[in-house]
Amino acid sequence: MEADWDELSRIPVPPPNPHGLPTIATTLAFDDVQELLWVGNEYGRIVSFYGPELQRYTSVRAHPAAEGPVRQILFHERGVISLSSRSVHMITRRGLTQWHIAHEEMVDLRCMSFTAQTNRILAAGCQKVMFTIDIDKGVIVDKLPTEHHYTIMKRSRYLCAATDTGSVNALSMADFSVVKSWKAHGTAVNDMDARNDFLVTCGFSVRHLGSPIVDPLANVYDLKTLSPLPPIPFHAGAAYVRMHPKLHTTSFVASQTGQLQVVDLMNPNAINLRQANVGFMLGIDISPSGEALAINDAECAVHLWGSPAKIHFNEMSKETEFADVAPRPPPLDWTPETPLNMIGMPYYHERLFSAWPSHLLFDIGSPPPLIDQSLLPYLRPAEVGHYAPNPKKVRRYQVENTRALASAESALVAPKFLSEKAREQSKSKSDGSIGDTIDALASTKINGEADDDPLLKYSNVEIKYSRFGVDDFDFRFYNQTAFSGLETHIANSFTNSLLQLFKFIPLMSNLALHHTAGTCIFENCLLCELGYLFDMLDKANGQNCQATNLLKTFSNFREASSLELLEENLTNKSLATAIQAVNRFFLTQISHDYRMIQPSADDLDQTLSTVALESIRCMFCQNKTVRPFNSLVNDMIYPNLDIKQARRNPAFRFSNILRASIEHERQNRGWCNQCRRYQQVTIRRSIHHMPHVLILNTLLNSPVYRRLWAVPGWLPEEVGILIENGQVVCFEGDDLKMRVQSNNTPGLLVYELVGFVCEIDIPEHQKPHLVSFINVSVSARQPDPTNRWHLFNDFLVTEVDKEEALKFSQPWKLPCVLAFQAKEARHAVDDSWKDALDTTLLFREWSMNGGPTNPSCQTLDSKERPEPGTPVALDTEFVDLEKAEIDVKADGSQEIVRPSKSGLARVSVLRGSGLSEGVPFIDDYITIKEAIVDYVTQYSGIKPGDLDPRTSHHNLVPLKVAYKKLWLLLNLGCVFVGHGLASDFRKINIQVPKSQTVDTQYLFFHPSKNRRLSLRYLAWAVFKEYIQEEPTDDVQGHDSIEDARMALRLWKKFQEYEDAGIVTQMLEEIFREGSRLAFRPPPRNGTATVLSRPGTAVTMQNSGTNNTTTNPSGRNTPSTPDVGGGTASTASAPTTPRQGFRRSIALTPSNGSFAGPGTGDFFGGSPLR
């Protein structure tokens, strides 16, 4: 290692997918043919980097992600060979697959090496068989039995192979027999290298404390004499080693902390030390030229060391082939006048193959008619084939035209948009009002057919978008109940059914809401997001909701991506398996989040945890180890099933299978500390406490087990559990009723079924999806002895019979997750969290970047604690995270496939009453981690850099903090005043009851005009003030404080109109002027047009004492065209029953400044109500 060796490059290992996080490199190796460095990751992908700059070259998914990490990479002149636990793969250096080998006996491959024949490799691992593979043909040519479990292989004079017990075997290159064996290390060999006549190993040994540690010596062996040599001392702990490819006695030894030592094997005193800047080293490799060293670490990075003056991976490398640079097309001046034929088809001189002559095109016969998919669930086996009742949808002898194009219409026809219904109602008012949506989902039609389909409510539901967005979709068509559904256009919305199930478990809902109302402000707290969602579903009262914030938090967990729980991973697994894994992850994360605030977590263990001791007994030496075991979810374990005895054999009853699943006695291979090796062990649980909420994963991965569920009444609505001396005893049916009635079984805990999640896979109703069946009576606030079952199919919610809910004989209905709750906790909805809200956030400043706060913003003091009915003015600003996906059809019409996605960027909240009325107490900018595609500065006022903690000059807070402030105000009973609040609340993902909302968009709404007025126009029409104006510097935009203050003033003015009894007349006047001005304020450069009412017309420039002065706001909104004339209109004012002087005083425009109550001149100086 020359004196100028240093770190030259450092790059992160690419993530497994575009939305994933970087992953660690599990192996790395220098190519011996080209200037390439190859890296393998945890998901079976291998990536190559070119040259000292480590430029990305190729990236290939060589092995399925389920097989785990890439464990070794070898190089051949024809390509690159990689190995995972269950397969061997070969690609060319450009990334083209040559062959892929997997075998049923490949269960745990660990290593491979070239043999004496350069076109063959030997693959081995912790298994009983080694495989010889022909590289040229890509086939297994031989299987060799072995009693050793090999983990590392290096070829030199012998084939050196390390075992999992710490030994190293020297194998003959001829028949792979063991020639010599050394006990190199006490526990395991971590790394080794063999070159020429030397072998160097690093590994672990067990010290007096019983845990393995890195050996401080690197062992050296002479392969010529097969004898050990003096070891190399390395006090930092020798973890990794590589022999120098040119200097035959020189080796590189490295520790896990990044210390590098270059040492001569023949003279261990001649050393050269370096320190790599890594936190925890995972491996090293040296290039064939000896001029470069690669290091991978636990921080998902690859480091390249070498001399800046000279660095080549090989002495003579072949030229690396790169892709041709695509020529840029000639520039085209694309304008609305550019003809479409400027983009033509490619030139061709011969007739296209797709242009078949007409005499060669003709129909032969008729395709067989398709079987009606609705019959499949009702088919019954017969001696020959299957049979089902005739649906009688066609007449006798009627033949179907099978060549007719099938309708692409979905099974559940979407309703008309609300805007379409409004137009129809306005057209048909003379003939009477049109009825609302259909009364029940059962009366909907499938593809226009008149017959009812009982499976219709299980269909996939899909949101359709009009030009007005998702607000125009009629969700009430799908839900006539008081229980809210969840929308589906959000990533990972397949978890909706599980979230609904959690919500209707009272004890779980209480746990989440009490945690949310507490002091937690951790940004990625899943338990808080569950509390926000449960509160939103409660307040919605049947109105559709969306779990945007919760699912965003779920998507941000790296563990969820690593476990392949996200929507992008559903292509290679069933929905049932996915939702069971998500259920386990949710409960684990909920436990973690709860313990972050309350480490003792007694309430959590009482509610969700099965507390047990797990005993592990070695079957060889009978040594027993006991450890605590807490389970949040139990997997159902089924016995070997004989379906003929399922009804008679008690072992096949649900209660007995539940008992076996909770105790989960099993045999497995495990490490025995007394035998010092892996032995067959017996594992058994001794249960100490059962939770009040019992969550089960059904694990129905076999058709035989599904037949067990198909037995009528097999799943009981109630089950009793009793713990006796650590053993679980379960009861159901008549046995349970007898014990409950006799009341002589102390400690018996009776559970009732709350609900379950099912996978629905009906072929004719599109793709599989998840629904939940829930007994909503369990979570009712009022005592309800009946059981009312509901189906939650995303935003489709309807009541179903108990028999239909608990029937599993249909092949398309697969139960996935069950939820039981202690019967004594029925109706145990605890709303005491509303009286224990932690409101600290409202009374102190919070900043993540230490940015300056708005000088006009004054935080609330203790005397200003909001009370129920306290008005606050709200306005928010958003940025675009994703643009809308629009499908342009052949006829030019457009259909929105997915709406645009916005991110909350700024929140401003103002006092709505008191001496400081109109003064903001919240003005937060929200940091956004997602990529922002458009800051829409002209409307939001947000500029690039405003939301970056490193460059922002504003007070930045996480979304969690800003959201919790609004949630606290909501639950303290505040009334929100603003303009267009419905859209803001939807984007914020919060549900505010109508009783707590004052929207000036609807206050100043004329029933007969069918138009909503903008805040900009209302500010001019009522106060003759200009807001949201077009700026001169093109960087300003809407000011949320200004907009919120204007909405508050409009509300106060509307209250004056109500007191004066002139609301209708003022709305007529405002809309009359708006029609003349196109509902835009007139330009400033001229005499302003004002409301033509006696005593109220105020000229903006020529009105003596009533002159209104407004400062330019500098807002960047599109400019308004000149509307003819600039003088005030002289139309007569409508009459009013109130006194004229009172009316004129009440309608006098204000001077544009904000004043609190009692400071204005309204009603002769009297304060507003």
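Any Cβ shown, glycine's included, is placed from N, Cα and C.
Annotation comment: TrEMBL describes 484-823 as domain 'USP'.
Under 8 Å, Cβ to Cβ, and six or more positions away along its own chain, Asp1043 (divalent metal cation binding site) finds Asp875, Gly978, His979, Leu1015, Ile1027, Gln1028. Taken from TrEMBL, the feature divalent metal cation binding site applies to Asp875, Glu877, Asp984, Asp1043.
As annotated by TrEMBL, region 'Disordered' applies to 1078-1169.
For 1102-1121 (among others), the entry in TrEMBL reads compositional bias 'Low complexity'.
Per TrEMBL, the feature compositional bias 'Low complexity' maps to 1128-1137 (among others).
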For divalent metal cation, residues beyond Asp875, Glu877, Asp984, Asp1043 with C-beta within 8 angstroms of the site's Cβ centre include exactly Leu874, Thr876, Arg906, Ser908, Gly978, His979, His1038, Ser1040, Ala1044
Just checking, which of Asp875, Glu877, Asp984 (binding-site residues) has the fewest C-beta atoms within 10 Å of its C-beta?
Asp984
Suppose you look only at the domain 'USP' (484-823); what would the mean pLDDT be?
88
